[in-house]
Amino acid sequence: MRGRDLCSSTQSQALGSLRTTTPAFTLNIPSEANHTEQPPAGLGARLQEAGVSIPPRRGRPTPTLEKKKKPHLMAEDEPSGALLKPLVFRVDETTPAVVQSVLLERGWNKFDKQEQNAEDWNLYWRTSSFRMTEHNSVKPWQQLNHHPGTTKLTRKDCLAKHLKHMRRMYGTSLYQFIPLTFVMPNDYTKFVAEYFQERQMLGTKHSYWICKPAELSRGRGILIFSDFKDFIFDDMYIVQKYISNPLLIGRYKCDLRIYVCVTGFKPLTIYVYQEGLVRFATEKFDLSNLQNNYAHLTNSSINKSGASYEKIKEVIGHGCKWTLSRFFSYLRSWDVDDLLLWKKIHRMVILTILAIAPSVPFAANCFELFGFDILIDDNLKPWLLEVNYSPALTLDCSTDVLVKRKLVHDIIDLIYLNGLRNEGREASNATHGNSNIDAAKSDRGGLDAPDCLPYDSLSFTSRMYNEDDSVVEKAVSVRPEAAPASQLEGEMSGQDFHLSTREMPQSKPKLRSRHTPHKTLMPYASLFQSHSCKTKTSPCVLSDRGKAPDPQAGNFVLVFPFNEATLGASRNGLNVKRIIQELQKLMNKQHS
């Protein structure tokens, strides 16, 4: 097996995603003194079908925007003279700056409680959760960026308890992706028994454990130990078996930050973002020094303050982050089966969310973005470390800019393709006097996508990134980015890509079958012969609640439901047992 230099190709991939076209607009002023405005033809027809009549509005001539070049895929062309009122977003002091920047860039207005009615907003995005009363009072045209009840997944002790319950209910074969875990202080006796039993079996060989505070994040309060006398804890902690054989790149430990968006729990709908972050420790992995956090912890909040952060490190280069696409390019350069790894990650995400999904209360018009932290060991097995609530969207480096700005863009596209499809939404907006409907349509655009489920995303996962980025551009239009591409090109062409990635990974990689062709983006071969797929779908069309979710929005790919059986098992209540059976079938197929 031999490697190849991925620096230039990887750099061109990263920069390719930044080459955008800024839309040009011209201003048309109607010449008639008494100008009459009619709703857009497509929208008016749908509102008439819903039994809502909108009288023509008369008034002063209104400047209108005529598009020369579309920044997004459009559901339909807007007629000249259509009134476009911007959507409104609401924030608090915790709202990430990149979210506000992206929304303003897309033409949204920021909510001003001094000048606007209390309900005159479309999206409320903040870091903290919402009270149930806030969920209950949300209007049909509004969206919240959190779902109630999801902290059961993001507290480390709760996650461990729920996954332990799922393992007990459905067997260990599916739930082998979490390290052996004990919740302190309740499991203290069990941990002590396990520790000394293992110590007796291993003899002089060391075993390693990691102790984490249940509620803290960003690597705070973490202790790694081998000797029991070093084990100290107070309050709520978890103790896990430390993965002592991580996949090393340039002898540095890394983990993956995978972004997952759940657009609804009833019915359950899960999307996985096919780009993400790879976070590196900034000092070389060394089990003989467990106190060196820069060698054992990959949290960027820790490593960006380390002495080696600015250095050009072997293979990794400058800083402590790669894009996920660069990481998979590195694996492919050594003939590692990255598609199989993606399947395992998708399955892990589904099984993890299934652990809490039945107990999550119903709430309309909300979504949840999770950050899954996953470690790959030297056998290419993915391990779930934790799930993060409100994953950090700060822009600390050029890699953050590349990933997180487009992530926010794609979340907005995803939510306004799926979140506003509920039956009667447009009619309700018009009835309540919300005049933001047209702007919602122009911002989120439309996506030429089938009305049915795309493919079995776990048994046939496509490569999201390959050497030809044009595939991505054909599938989804690239939206304008605020940061100038030339500025980022200068950053990305420097130290971040200074070194060749020609080093054998510290692993035993599974080779790709010679008979397995490399797949390109979105081979959406539907599994449903009983569903007639339409050639074009407008996000504004009133639809029934049994409609299959959109297969993709930007880099978000639907992973659940993944076939007709799981679609049915998630509609009228959540049939977890049936879903588990379908997942087990896929595992059996992959192993056969």
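Glycine too: its Cβ is placed from the backbone N, Cα and C atoms.
If you check Swiss-Prot, you get these features:
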REGION    1-23  region 'Disordered'
COMPBIAS  7-23  compositional bias 'Polar residues'
REGION    51-77  region 'Disordered'
DOMAIN    84-427  domain 'TTL'
BINDING   K212, R218, G219, Q240, K241, Y242, I243, K253, C254, D255, T298, N299  ATP binding site
BINDING   R218  protein binding site
BINDING   R279, S301, K321, K404  L-glutamate binding site
BINDING   D373, E386  Mg(2+) 1 binding site
BINDING   E386, N388  Mg(2+) 2 binding site
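In three-state terms derived from DSSP, T298 (ATP binding site) belongs to neither a helical nor a strand segment and is classed as coil.
Between the CA atoms of K212 (ATP binding site) and E386 (Mg(2+) 1 binding site) there is a gap of 11 Å, rounded to the nearest whole number. Spatially, by CA atoms, the binding-site residues R279, N388, K404 include one closest to T298 (ATP binding site), and that is R279. Surrounding the centroid of the Cβ atoms of R279, S301, K321, K404, where the record places L-glutamate, the chain contributes additional residues within 8 Å, namely R257, L277, S300, C320, A392, D396, C397, T399, D400. Fewest Cβ neighbours within 10 Å among the binding-site residues T298, S301, N388: this applies to S301.
With a cut-off of 8 Å between CB atoms and residues at least 6 apart in sequence, the same chain places N293, L297, N299, S301, I302 near G219 (ATP binding site), listed in sequence order. By a simple count of nearby Cβ atoms, those within 10 Å, the most crowded of the binding-site residues I243, C254 is C254.
Figure note: comparing Cβ neighbours within 10 Å for the binding-site residues K212, R218, the maximum is reached by K212.
Rounded to the nearest whole angstrom, the C-alpha distance between I243 (ATP binding site) and E386 (Mg(2+) 1 binding site) is 14. The predicted model assigns the domain 'TTL' (84-427) a mean pLDDT of 92. Residues near R279 (L-glutamate binding site) in space but far in sequence (CB under 8 A, at least 6 apart, same chain), listed by position: C254, D255, L256, R257, T298, N299, S300, N303, C320, K321. Neighbour counts of Cβ atoms within 10 Å were taken for the binding-site residues K241, K321, K404; the minimum is at K241. Here the Cβ of D373 (Mg(2+) 1 binding site) has 20 other Cβ atoms within 10 Å, regardless of which shown protein chain they belong to.
Checking each of the binding-site residues (R218, K241, N388, K404) against D373 (Mg(2+) 1 binding site), the C-alpha distance stays within 10 Å for N388. The DSSP secondary structure for K212 (ATP binding site) is strand.
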